[in-house]
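Novice: Below is one structure. I have some questions about it.
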Amino acid sequence: MPELPEVETTRRGVEPHLEGRTLLGAVVRNPSLRWPVPPDLSERVAGEKVLAVRRRAKYLLLECESGTLLIHLGMSGSLRVMPAGAPPQKHDHLDLLLGEQVLRFRDPRRFGAVLWHLGPVEMHPLLQALGPEPLSDAFDGAALHQAIRRRGSPIKLAIMDNHVVVGVGNIYANESLFHAGISPARAACDLSRADCDRLAAEIKAVLRRAIDAGGSTLRDFVDSEGKPGYFQQTYMVYNRQEEPCRLCGTPIRQIRQGQRSTYYCPLCQP
């Protein structure tokens, strides 16, 4: 599933092709995504100038003169800038028309979304209750400590909660906890302020390194040019069960938390 680094990589890739351009309409081949594509999407976006391409959590926001397009990549989605005449493939569900180019939305599993919103986009129901951005100044050890101090859930599940901090999915939660030296099973409320300072710093560092590497490609993700990410080559724990820890040699363990796999080193993360 594309997480924050993959969505940010996509944003940076499509921004030069979209910002300042006028949308000519849309071609919707399959409206049955996680939420139905508006039936009049082409009419709504035709003539709209793209003022900015932003990201909020795992949502891409194409801010136009009259409204905002919200795009979520779901479990397997990607966006690519293609020549207008490029024939669509099986899972290419939607094109935004840019003249000689199109922005093509591909989503094999159809858990993504393309929605149109009028008014302040921060008030959209999908966005209005979100926590702070992990790479912003609003997220630090103090903010993390305040958000989790009454939570008895495991810390890994806490940092994956979008009310605590947005965009930290399973891959990057595992990696951040390893670098912070914190067991994923520790109760969130048991973390000290020093623990939270360390964890917040590592979340930022891991996400920045992942963005610099173009994100992670485990199955479907490619960037706007069709290229895979490379951060998976540097994983310390994720998907490395029974392999030796890169720091101490102890076999990496795998457990289940919240219906997801968790990976950790029992020696480095006591």
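From the backbone N, Cα and C atoms, a Cβ is placed for every residue, glycine too.
Annotations per Swiss-Prot:
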- PRO2: active site, schiff-base intermediate with DNA (ACT_SITE)
- GLU3: active site, proton donor (ACT_SITE)
- LYS58: active site, proton donor (ACT_SITE)
- ARG260: active site, proton donor (ACT_SITE)
- HIS91, ARG109, ARG151: DNA binding site (BINDING)
- 236-270: zinc finger (ZN_FING)
Novice: Spatially, and counting Cα to Cα, which of the recorded positions is closest to LYS58 (active site, proton donor)? Options: GLU3, HIS91, ARG109, ARG260.
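Specialist: The answer is GLU3.
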Novice: A 10 Å Cβ contact count, applied to the active-site residues LYS58, ARG260: which residue has the minimum?
Specialist: ARG260
Novice: Counting each residue once, how many in the zinc finger (236-270) are helix, strand and coil under DSSP?
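Specialist: For the zinc finger (236-270), the helix, strand and coil counts are 0 helix, 12 strand, 23 coil.
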Novice: Can you figure out which of PRO2, GLU3, ARG260 (the active-site residues) comes closest in space to HIS91 (DNA binding site), comparing Cα atoms?
Specialist: PRO2
Novice: How many Å separate the Cα atoms of PRO2 (active site, schiff-base intermediate with DNA) and ARG109 (DNA binding site)?
Specialist: 13
Novice: Measure from the Cβ of GLU3 (active site, proton donor) and count the other Cβ atoms within 10 Å, all protein chains considered.
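Specialist: By my count, 23.
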Novice: Rounded to a whole number, how many Å is the Cα of ARG109 (DNA binding site) away from the Cα of ARG260 (active site, proton donor)?
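Specialist: Between the Cα atoms of ARG109 (DNA binding site) and ARG260 (active site, proton donor), the distance comes to 18 Å.
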Novice: What are the sequence-distant neighbours of ARG151 (DNA binding site), meaning same chain, six or more residues apart, C-beta distance under 8 angstroms?
Specialist: ALA158, VAL164, ALA187, ALA188, CYS189
Novice: How far apart, in Å, are the two Cα atoms that lie farthest from each other among HIS91, ARG109, ARG151, the residues recorded as binding DNA?
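Specialist: Max Cα-Cα spread across the DNA binders: 41 Å.
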Novice: Give the mean pLDDT for the zinc finger (236-270) on the 0 to 100 scale.
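Specialist: Across the residues of the zinc finger (236-270) the model's pLDDT averages 97 on the 0 to 100 scale.
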Novice: Near the Cβ of the residue listed as 'active site, schiff-base intermediate with DNA', how many other Cβ atoms are there if near means within 10 Å?
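Specialist: Other Cβ atoms within 10 Å of the residue listed as 'active site, schiff-base intermediate with DNA': 25.
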Novice: Including all protein chains displayed, how many Cβ atoms other than that of HIS91 (DNA binding site) lie within 10 Å of its Cβ?
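Specialist: Within a 10 Å radius of the Cβ of HIS91 (DNA binding site) lie 17 other Cβ atoms.
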Novice: Have a look around ARG109 (DNA binding site) and count the other CB atoms within 10 A of its CB, chains all included.
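Specialist: ARG109 (DNA binding site): 15 neighbouring Cβ atoms within 10 Å.
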